[in-house]
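One structure is given below, encoded as structure tokens.
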Amino acid sequence: MLIIILLLIASYLLGAIPFGLWIGKIFFKKNLHDYGSGNTGTTNTFRILGVKAGIAVFIFDLLKGTLATLLPLIFHINGVSPLIFGLLAVIGHTLSIFDHFKGGKAVATSAGVVLGFSPFFLLYLLVIFILVLWLFSMISLSSVVAAIFALLGILIFPSFGFILTSYDLLFSIIIFALAIIIIFRHKTNLKRIKNHCESLVPFGLNLSRQKEK
């Protein structure tokens, strides 16, 4: 029981590591909270610190979720779903004890959790993400739409045995929780999208005709 508690705490602490914030401060002498959206996640890192830093933060944030999800397997723990460990990593990422309980928007770390538990489901979401990104040129919208399609996937796919072969109540609950976290963390982005002033990536069709301020 003690090892389970320690690993649950470790999952939160692992997720709480603010790689974007630390990389910005150590290597670029910049506090991401003072630039762009003020967020310490992958997207703001790309915009403020550049491609190399953005890729590094994305990989680290993704692996936080994956490693936390795999902790029960690594330590041969039974009786507690790996998804619980993954969810704690996402909570750590969004409410980091190392960053005054601030954090990212949970997309990369949530993707890492899904990667550790159901890689093909993540692949399905990645296709949705890339398609929406190309059509609308917005990472925020792509993230929210992928979260919505994750909810649709857990409802529909088990009926056809496609990707998800059967209904898994806990997986459905965790996916629901992750989707809600992602959508909630993007509420300011959704307001900007509504006002046609959301930040864009430098490619894609920008079908909604956003104009960055």
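Even glycines carry a Cβ here, placed using N, Cα and C.
Note that this is a predicted model, so its numbers are computed, not measured.
These come from Swiss-Prot:
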- 3-23: transmembrane segment (TRANSMEM)
- 48-68: transmembrane segment (TRANSMEM)
- 71-91: transmembrane segment (TRANSMEM)
- 119-139: transmembrane segment (TRANSMEM)
- 144-164: transmembrane segment (TRANSMEM)
- 165-185: transmembrane segment (TRANSMEM)
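Contact count against the transmembrane segment (165-185) (Cβ pairs under 8 Å) is highest for 71-91, out of 3-23, 48-68, 71-91, 119-139. Residues 43, 111, 145-146, 149-150, 153, 157, 163-164, 189, 193, 198-201, 203-208, 210 of the same chain, all 6+ positions outside the transmembrane segment (119-139), place their C-beta atoms under 8 angstroms from a C-beta of that stretch. The transmembrane segment (71-91) is not in contact with the transmembrane segment (144-164), judged by fewer than 3 CB-CB distances under 8 Å for residue pairs 6 or more apart in sequence.
Cβ atoms under 8 Å from those of the transmembrane segment (144-164) belong to residues 114, 118, 120-121, 124-126, 128-129, 132, 171-172, 175-176, 178-179, 182-183, 186, 189-190 of the same chain, restricted to positions at least 6 beyond its ends.
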